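Presented below is the structure to which this report refers.
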Amino acid sequence: MAPKGGPKQQSEEDLLLQDFSRNLSAKSSALFFGNAFIVSAIPIWLYWRIWHMDLIQSAVLYSVMTLVSTYLVAFAYKNVKFVLKHKVAQKREDAVSKEVTRKLSEADNRKMSRKEKDERILWKKNEVADYEATTFSIFYNNTLFLVLVIVASFFILKNFNPTVNYILSISASSGLIALLSTGSK
C-alpha cells in the first residue's frame, strides 16, 4: 500500500518519529561519549594521587576501565534523556506554545495556517525538551557516578588493594548508573 501523503508529508512524519525514537544524532552521541569519557577519566587522578597507583604501570588498566565506564555512562545518558524528554515536553508545552505564539507577529499569524502554527509549536517544544533532557541527564549521571566512585573507593572498598579497589569501584559505579537508567520513572 502506497503512502497517502506526498514526499513533504512523509518527511514531516519522519522528523516527528525521529523526535520520539531512542536513536541519537551524531551530535548527541559525540556530546554523550565526550562527556562520559571525561567523567570516566576523573577517577584516574584520584587513584594516581591519593591511592598512589602509578600512571605508567597502570596505564592499561586505566585505559580499559575508562573505556568500559565511558560506554556505560553514555548508555545511562541516553536512557535518562529518553525518559525525561517526554516529561519535560509535557511540562513545557504551555510555556513554549505561548512563546511561539507571541513571537509570531500579527501579520504572520494571519498568513499562517493553524497546522503550520501547531508544527512550529511542536518543533520548538521538542527542541526545548531535547536540550533540557540532555543537560539534566549529563548532570544527574555525572553527579551520581562521581559520588558512587568516592563512596565505594573511600568507604566500602577502603581496605582493598588499590588496583582491586579501582576495578570494583569504577565497574560498580558505572554499572549501577547504567542499571538505574533503565527504569521508567
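Cβ atoms are placed via backbone N, Cα and C, with glycine included.
The following features are taken from Swiss-Prot:
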type     : residues : note
MOD_RES  : Met1     : N-acetylmethionine
TOPO_DOM : 1-27     : topological domain 'Lumenal'
MOD_RES  : Ser11    : phosphoserine
TRANSMEM : 28-48    : transmembrane segment
TOPO_DOM : 49-54    : topological domain 'Cytoplasmic'
TRANSMEM : 55-76    : transmembrane segment
TOPO_DOM : 77-135   : topological domain 'Lumenal'
MOD_RES  : Ser105   : phosphoserine
TRANSMEM : 136-157  : transmembrane segment
TOPO_DOM : 158-163  : topological domain 'Cytoplasmic'
TRANSMEM : 164-184  : transmembrane segment
- Query: In this predicted model, what is the average pLDDT of the topological domain 'Cytoplasmic' (49-54)?
  - Reply: 94
- Taking helix as H, G and I and strand as E and B in DSSP, count the residues of the topological domain 'Cytoplasmic' (158-163) in helix, strand and coil. 2 helix, 0 strand, 4 coil
- How does the topological domain 'Lumenal' (77-135) divide up by DSSP, counting helix, then strand, then coil residues? 55 helix, 0 strand, 4 coil
- Per DSSP, what is the residue count of the topological domain 'Cytoplasmic' (49-54) in each of helix, strand and coil? 1 helix, 0 strand, 5 coil
- Item | Long-range neighbours of the topological domain 'Cytoplasmic' (158-163), counting only residues six or more past its ends (CB under 8 A) | 47, 51-53, 58, 61
